[in-house]
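A short write-up of the structure that comes next.
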Amino acid sequence: MGSNKSKPKDASQRRRSLEPAENVHGAGGAFPASQTPSKPASADGHRGPNAAFVPPAAAEPKLFGGFNSSDTVTSPQRAGPLAGGVTTFVALYDYESRTETDLSFKKGERLQIVNNTEGDWWLAHSLSTGQTGYIPSNYVAPSDSIQAEEWYFGKITRRESERLLLNAENPRGTFLVRESETTKGAYCLSVSDFDNAKGLNVKHYKIRKLDSGGFYITSRTQFNSLQQLVAYYSKHADGLCHRLTTVCPTSKPQTQGLAKDAWEIPRESLRLEVKLGQGCFGEVWMGTWNGTTRVAIKTLKPGTMSPEAFLQEAQVMKKLRHEKLVQLYAVVSEEPIYIVTEYMNKGSLLDFLKGETGKYLRLPQLVDMSAQIASGMAYVERMNYVHRDLRAANILVGENLVCKVADFGLARLIEDNEYTARQGAKFPIKWTAPEAALYGRFTIKSDVWSFGILLTELTTKGRVPYPGMVNREVLDQVERGYRMPCPPECPESLHDLMCQCWRKEPEERPTFEYLQAFLEDYFTSTEPQYQPGENL
């Protein structure tokens with residue numbers, strides 16, 4: 001993403017330097033794939049070039065569950081009953097208990113799972129301390145499985161792996177292993193590299209699986225397991241751009257909810273500490289839940305919405321889980337309503353763009369941020385949900401320019417007359433598609449229109465859309481066919497994308513899936529000759 005990223009400093013990050021070894025220089029670039037080979041392994045798992053493959057004594061551990069990423073990491077999550085009767089798990093991170101019923105543990109601790117049928121929090125017994133309590137299921141992985149390896153990142157995308165590895169503080173050879181996006185059952189080794197022509201970049205090597213077991217990048221060098229492959233390339237570049245040096249740094253994922261059965265919580269369990277912002281309908285605070293857990297708290301003015309309608313909608317909202325959506329943790333459902341979410345320490349995207357950091361952001365960072373937002377909205381699209389109020393003020397920013405969509409679905413519940421009139425003073429008319437503003441037809445396609453407006457906010461570093469025009473004028477002009485011109489220094493190709501989002505007929509606007517793909521590949525497919533300008 002560029003030099004604006006900074007390495008996570010807290011003790012929660014999982015990072016390990018691999019054993020230094022001799023420097024073996026090899027050619028850069030990916031290896032050609034050949035036919036499925038059959039060659040034997042030596043005692044260390046590395047197979048020589050001239051003998052028949054002997055399957056390992058123990059079968060490769062089965063993959064367990066899926067993956068779901070948070071700010072900067074994906075972590076194993078339960079996808080069903082424990083695979084193959086596995087009940088012993090290993091902790092991937094430290095966890096400090098938040099209630100009397102959950103269990104503290106340290107990274108590397110082995111845990112016996114007592115009951116995993118209760119959703120995101122499992123009852124577990126620590127084999128180290130002898131204590132029993134609830135644990136977040138996405139903080140552990142089956143013992144001796146691939147997920148338990150620090151370098152295994154599971155189902156993250158190629159783009160997300162680059163986002164993590166392109167941290168200026170990562171040394172050459174920083175790496176991770178992920179599932180292949182294109183070949184079922186295969187993996188990909190992603191490695192950070194540096195050269196004078198490209199600067200910091202990432203190379204991706206497909207790890208192929210043998211029919212009879214084992215793995216290889218190039219057919220001349222084969223291994224019984226991924227662990228042996230990683231150990232070998234940590235000592236020898238052997239054709240990679242660089243030998244593997246350091247596991248890609250990661251931060252703890254968000255837990256799914258605050259604790260076991262902590263959904264409707266008492267107001268007294270929250271402490272409001274630092275006021276972060278104020279809007280038409282309430283305030284946003286940084287605070288603490290139960291004296292243990294940092295959270296963000298949105299307080300709504302009484303009368304903003306019906307508590308019953310809010311609680312019903314919140315039940316739907318809490319099921320929306322994606323690494324690019326701000327996670328809803330808990331609610332206080334009696335007025336004044338409190339909405340408790342994960343805390344994002346850089347605040348709203350709008351304030352971030354207008355602040356000190358905004359002036360240093362260039363097009364690659366801004367396009368990457370827009371791709372993250374499109375990724376979150378593509379999930380909303382797949383879930384047949386509608387945001388209704390997509391704009392920079394409702395996007396939150398965390399470390400390393402991570403962006404997450406917030407406040408999805410709340411706009412539908414607001415009962416204020418100045419808002420429900422749709423052309424009242426509190427209604428975000430400049431972001432709203434004409435069919436939604438005029439006739440109340442809010443759909444995912446009206447969200448696409450709003451995303452086009454959000455792109456102008458990004459490329460102008462937070463300027464209000466339609467400068468010099470009042471709401472009524474905007475509505476009239478847009479109905480007559482007016483569309484905002486290309487912002488200064490913004491490539492025409494990006495303005496063309498905005499105009500696609502602003503097509504009059506909703507069904508002619510692109511999908512968020514398309515927008516995500518376009519933006520993620522923007523500098524390879526659309527603007528490969530990009531050169532930084534004064535502002536972009």
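Think of each number as a place in line: the chain as shown, counted from 1.
Placed from the backbone N, Cα and C atoms, the Cβ positions cover glycine too.
According to Swiss-Prot, the feature active site, proton acceptor maps to Asp389, an assignment based on sequence analysis. The ATP binding site annotation in Swiss-Prot covers Leu276, Gly277, Gln278, Gly279, Cys280, Phe281, Gly282, Glu283, Val284, Lys298. The compositional bias 'Basic and acidic residues' annotation in Swiss-Prot covers 7-19. Here Swiss-Prot flags 270-523 as domain 'Protein kinase', drawing on sequence analysis. Sequence annotations record features per position, and here Swiss-Prot assigns N-myristoyl glycine to Gly2 based on similarity to another entry. What Swiss-Prot lists as phosphoserine is Ser17, Ser75. What Swiss-Prot records for Tyr187, Tyr419, Tyr419, Tyr530 is phosphotyrosine.
Locations of recorded Swiss-Prot features on the structure.
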{"residue": "Tyr187", "record": "phosphotyrosine", "Cβ contacts under 8 Å, 6 or more apart": "Val177, Arg178, Glu179, Ser180, Lys206, Ile207, Lys209, Phe215, Leu226"}
{"residue": "Leu276", "record": "ATP binding site", "Cβ contacts under 8 Å, 6 or more apart": "Val284, Trp285, Met286, Ala296, Gly347"}
{"residue": "Gln278", "record": "ATP binding site", "Cβ contacts under 8 Å, 6 or more apart": "Val284"}
{"residue": "Gly282", "record": "ATP binding site", "Cβ contacts under 8 Å, 6 or more apart": "Lys298, Thr299, Leu300, Lys301, Thr304, Pro336"}
{"residue": "Tyr530", "record": "phosphotyrosine", "Cβ contacts under 8 Å, 6 or more apart": "Leu363, Pro364, Pro491, Phe523"}
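In this view, Val284 (ATP binding site) is surrounded by 22 other Cβ atoms within 10 Å of its Cβ, with every protein chain counted. The residue listed as 'active site, proton acceptor': 22 other CB atoms within 10 A of its CB, across all protein chains.
In the three-state DSSP classification, Tyr530 (phosphotyrosine) falls within coil.
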